[in-house]
Amino acid sequence: MKTFIVITFIGILSYAYADECENPEPMQGFSASQFYQGXWYVTHETSAXTLSECNILTTSNDNGKFTVKHKYTKDGXVGELICEGQASANNKFTYDCKFXGZTMEQVTRTAMDTDYNDYALYYLCTTYKXGPNAGKKEGHYILSRRQPNTEIPDALKTKTKDLNLKLCG
C-alpha cells in the first residue's frame, strides 16, 4: 500500500510539472530597439513534436510595443500569427498572439544572446489559449539568423551544444 501511495504521488508530481517552462539566464545589456527590427530566419529549434516555429519572423518596435509576426496555419487556413507585447522583468517579453483576431497563445520570450546583426538565441515559453492544447505550456530554445544560414555561429557553439537544437527545413 505504501508503494502504491508513493508511486501515485510521484505520478501526480510528474504530471503537475510536465508543462513547466525553464528559466534560462537572460542576456545582460539586451537592447530591444536593436533586436526588434526587420526579419529573423528561424534556423534551429528544440521542439521535437513540430518545427512550427521554423518561420521567417518580422519584428518591430513601436514606442515599446513589440511585435513579432509569422506564417501560421489553423484548421487548414493559412495566415499570419501576430504577437504583440511589452518588456517585462529580466529582459523577458510577454506577447499575446492572435490569428484572425482570436488569441491562440501567450508567449514569453527570453533573449539569451544576440549580436543583433547575424544571430539570436532565445527561449520561448508558450501557453496555449485555444485548440486541443489549451491550457498547456511548451518551452523550447530557438536560434535565428538575419540570413537563412544553416550553420550555428561560432559565438553560440558553447551555449548551444547541450540544447539539442534541430535544423529547420
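Cβ atoms are placed via backbone N, Cα and C, with glycine included.
Within the set C125, C168, the cysteine that Swiss-Prot bonds to C21 via a disulfide is C125. Closest by Cα distance to C83 (disulfide bond), from the disulfide-bonded residues C21, C54, C168, is C54. The number of other Cβ atoms within 10 Å of the Cβ belonging to C54 (disulfide bond), over all protein chains shown, comes to 20. Summary: among the disulfide-bonded residues (C21, C97), the fewest other C-beta atoms within 10 A of the C-beta are counted at C21. Between the C-alpha atoms of C54 (disulfide bond) and C97 (disulfide bond), the distance comes to 16 Å.
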